[in-house]
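K.L.:
If you look up TrEMBL, you'll see His75, His79, His85 marked as Zn(2+) binding site. Under the heading domain 'Peptidase M12A', TrEMBL lists 1-182. According to TrEMBL, the feature domain 'CUB' maps to 181-293, 295-401, 444-557, 601-713, 714-830. Look at TrEMBL and you will find 401-441, 557-597 tagged as domain 'EGF-like'.
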Amino acid sequence: MESFRIRSIPILPMSMNHWENFTCLSFVPYNPSLHKDYIIFTSDKCGCCSYVGRRGGPQIISIGNNCDKLGIVVHELGHVVGFWHEHTRPDRDLFVDIFHDNIQEGQDYNFDKAKSGEINSLGETYDYWSIMHYARDTFSRAAYLDTILPKKPSSGVRPKIGQRLHLSKGDIRQANKLYSCPACFQTYFGPFGELQISPNSTHCFWRIRASAGEHIVLNISTLLIPQSSRSCVSAPSNFIIISDGVSTGSSIIREKLCGGIQQKMVVSLSNTLMIEMKLEKTIPLSIIGNFKVQCGGTIRSENGTIQSPRFPEFYPPESKCIWNISVEKNFLLEAHKDCSYDNLKIYEVEEDTSAQKLLGTFCGQNYPVIFSTNVSNQLRLQFSSDASIQKRGFHLEFFKEIDECKLDMHNCDQICVNSLGSYKCECYNGFSLKSDGRTCERTCGGIFTADSANFSSPNFPSNYSSNLRCMWEIAVDEYHQIFLEIPHLEIEGMKSECAYDFLHISHIAGRRNGELRLCGSYTEPLFLKSISNRLKLVFQSDASMERSGFTVNYVADLNECAKENAGCSHICENKLGSYECRCPSGFTLAENRHKCVEGGCSYQLYEPAGRVVSPHYPDFYPNNRTCKWHILTTPGHRIVLEFHIFAIEDHSACKYDKVQVYDGGDEMAPFLGKFCGSAIPPELESSGNQLFIEMLTDETNSEAGFNATYESECGGQLYAESSTGFIYSHAYYGDRKYEKSSKCQWEIIADPESNVKLLFTQFSLESEDTCEYDFVAIFDGEKREKKMYGPFCGDIDIETIITESNKAIIEFQTDDTVEQKGFIIEYASSRPVEERKPSKFDSISVAIEKWATNLRVPFYSVVYQNHGNPNQIWNVNDWRDNIITAIDESVKIHGQNPVVVGSSAGCQAVLRAALARAPIIRGLVLFSPGVGLDLNYMERVLPGAVVHLKQGRVVKHPAMDPNLDIRVDLSNLMEFVDNCPLKPNKPISLNCPIRIVHGLKDRLVPFANSLNLLSLLETQHKALTLINDGHFITDETVIHESLDSLWKTISSLY
């Protein structure tokens, strides 16, 4: 019940406020002496449910899992108000049809029609949009089956039903009729407002509501109200009554004002004011007053509630509130808090000196905190928010706590320690507590107050005695922290149990409940630090098996974090001689290294193994967030994802919060699964070297989130295409040698009309004459049916292998001794060699390859080789993935970020690849992007960049046209560089122009995505085709000159 209450604190008052905002209803805290009818909120097995219609007395509303949504709670409150389900009205058959065969077993009663006279709708017509109306599939046997449908109207469009967003206009009218609400009635929840008189009203009410702990300052004038001839006290009209409370009947009347008063200021005692105005006749439209809400103040009460401004709505920016709370003397204060972002500081105030001591600085979300004053009966709360991000704030309750120790209500021999609701006895250092829990007897131990000291277990380094109980207390100066070293520890027991002998240390930082119990044998020193300026160590031994014991050294260090958190906005960690500010998950440190700012929620993970956790884990994840994790491992390896902790808001269809996993680099990749609830998802495995995780949360009800790990596994099924793919021997290739005792198998498949081409670009395995230890073997087709290449080992050059079939199986196996660097394989599909006429592209390809080799240029070509084949469908996603792979390879091998260049139909794939790898490329240049470029996609990612194609022709999935007039205009590239001077590791300006060229038409467009500053060239042909004035260049010298100029320009980007 406690966890349910804290979790649902925001949604319950928000739902009640929703009713109050549109009606004259008031929801107030239950008082047994005043209230006969009241609501009990609980979490029952029925989920979201309540008694239908108002029954009087206690009425239960169950807010179960997935029920704490605004619309759902407003619906359940509707029953308490007196509403029945709209579809159960006696006249419902005129408006809807019920499909009883589709209703879940045992739920038919929810669709029973009321008898005539059982439901009084007060003259309101049937309301499809009512928040009390079921949806079309409520209690359905399956999501695709309807249980209730509006009758089809003449227009042919059925009205929508089952909304859970807000009260409908019909709901509001019916509630106001049911409770005889005045026609002139208005509720205010804002921080300020004006009271306006309607021109046709003589009797008006204004209700002003603030959060608990706030008060209202009202300025009001009665100059426009006619003066009464009678005394103001007895005047029947022409007056204004101001009451402190939720209604005129149960409130404390503060003022009764008659006509003629210029201005009167009233400050509320509570967080609600009710203003009633009664006139003899109407007056013109006018404003008679204004108000503002103020937080803070002095509270003298045995118990109460304080909320952040505007709670449960988001608190305003740049707020500062101070509350002073006092109870009667000889009592302490206990507080229970649920806090969110920004800053709440709680101080204990000394009664005589008014000096204050900071008890804690709180921020974050979704956790309860219980604390109390130490010696005083006064607390001071200070809430402040900055101008950036606002959240819902906090809800705090306080009450007095009896200190039995101060009132001598104990029989402790030496020390009485008060606790919340109770007390316990303790002994001075050097004494131990006897079995009666009250009496002390002398034993080992002691008290240390020096800045540094050391002590040991009795008889150290000899064995300690049996049946010992020793206690040491370290107390250093205030605002200091104790750094503890235990260089030796040998105590009976296993480290995981410590049931017999043990050393128990209290007030240890970073430990659950601040406590640690040690036993067993430690070969390395232990280093610990205290939470505050005190540490307590208790050593206990039983009647058998003594050991050498332990020795302890400590030093006291000034804890900068103890004073105003050292200026850190979130987490301050004290270091020996210094301190460090840190931020929770989802936040990053600002430039001043003290303030935390909310960070983005997109993560790019390149390590072969790692951890993925939800934002703020292990605290509850935030609402209204979309978080993405793109995991990219070494080519030729798969990613295995395993969830260890999983707690996402539950729903049968994961409608609210969910985690979705895709087999690829983005949400367009094949779908692996959607998960929510508390069941651990199954282990998930990618087919390639990319995995994409997406987490979506709505506006309410967060949970603990998830904790997952991933690792790379070698092997798998790969598909050979015209573009080059890569296989690395192991995931950490280049960083470390391959692992011992490993076994990997890759199956590479090409289309039925192609072969598989394999090229080893790097190869270094353990050497042995027969390759029995570590080796690579390649099988042509199925392993036992076709021939084998290899086995290969050592440091050798392996010739290019082209299989006879469309399948290659690569096996890599290592033993348990020597490891080496490993290997890299390039693979692609290869067409059987056919006689063909020389192509005009041949000379271009040879010239470019010669140029790149002579210049030692890191040059890659991602090619669509079925150029001119009308039967081949161009697949932009496959080509995009090939380009992404080439980009990753370029970065990995050369350690530089490339400039990506695309032309003609290749621009579609190049653009998609560049956006997918935006953080690791230096620039993007597109030439002649019209053919094959989806203009809608272009307009979406580069606003304003719609390219007008030559002759208005748009071909979205064409085979390449070899006669297409394409120009690579070097002057445009130079203009791009001249207009946008680039510096290493600096981003391109958002307004940097890129000239997109097609034929004779071109235009400058702003590049809408800021891409970080690299050396990948990509075109549609085998390498790079340069065309001048529509004619192919075939002269090798001209090609080399053009390439030199282009390369000089690209190189300037470095």
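Glycine residues also receive a Cβ, built from the backbone N, Cα and C atoms like all the rest.
Computed from a predicted structure; not experimentally measured.
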K.L.:
In this predicted model, what is the average pLDDT of the domain 'CUB' (714-830)?
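P.N.:
The predicted confidence over the domain 'CUB' (714-830), as a mean pLDDT, is 88.
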K.L.:
Any chance the domain 'Peptidase M12A' (1-182) and the domain 'CUB' (444-557) are in contact, meaning at least three CB pairs closer than 8 A with a sequence separation of 6+?
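P.N.:
Contact between the domain 'CUB' (444-557) and the domain 'Peptidase M12A' (1-182): absent, because fewer than 3 Cβ pairs are under 8 Å.
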K.L.:
Using DSSP with the three-state reduction, classify His85 (Zn(2+) binding site) as helix, strand or coil.
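P.N.:
Coil, per DSSP.
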K.L.:
What counts of helix, strand and coil residues does DSSP assign across the domain 'EGF-like' (401-441)?
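P.N.:
Secondary-structure breakdown of the domain 'EGF-like' (401-441): 0 helix, 17 strand, 24 coil.
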K.L.:
Let me know how many other Cβ atoms fall within 10 Å of the Cβ of His79 (Zn(2+) binding site).
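P.N.:
Its Cβ has 20 other Cβ atoms within 10 Å.
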K.L.:
Which of His75, His85 (the binding-site residues) has the most other Cβ atoms within 10 Å?
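P.N.:
Output for this query is His75.
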K.L.:
Once His75, His79, His85 are set aside, which residues in the chain still have Cβ within 8 Å of the Cβ centroid of the Zn(2+) site?
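P.N.:
Output for this site, in sequence order: Ser50, Val52, Glu76, Gly78, Phe83, Trp84, Ile131, Met132.
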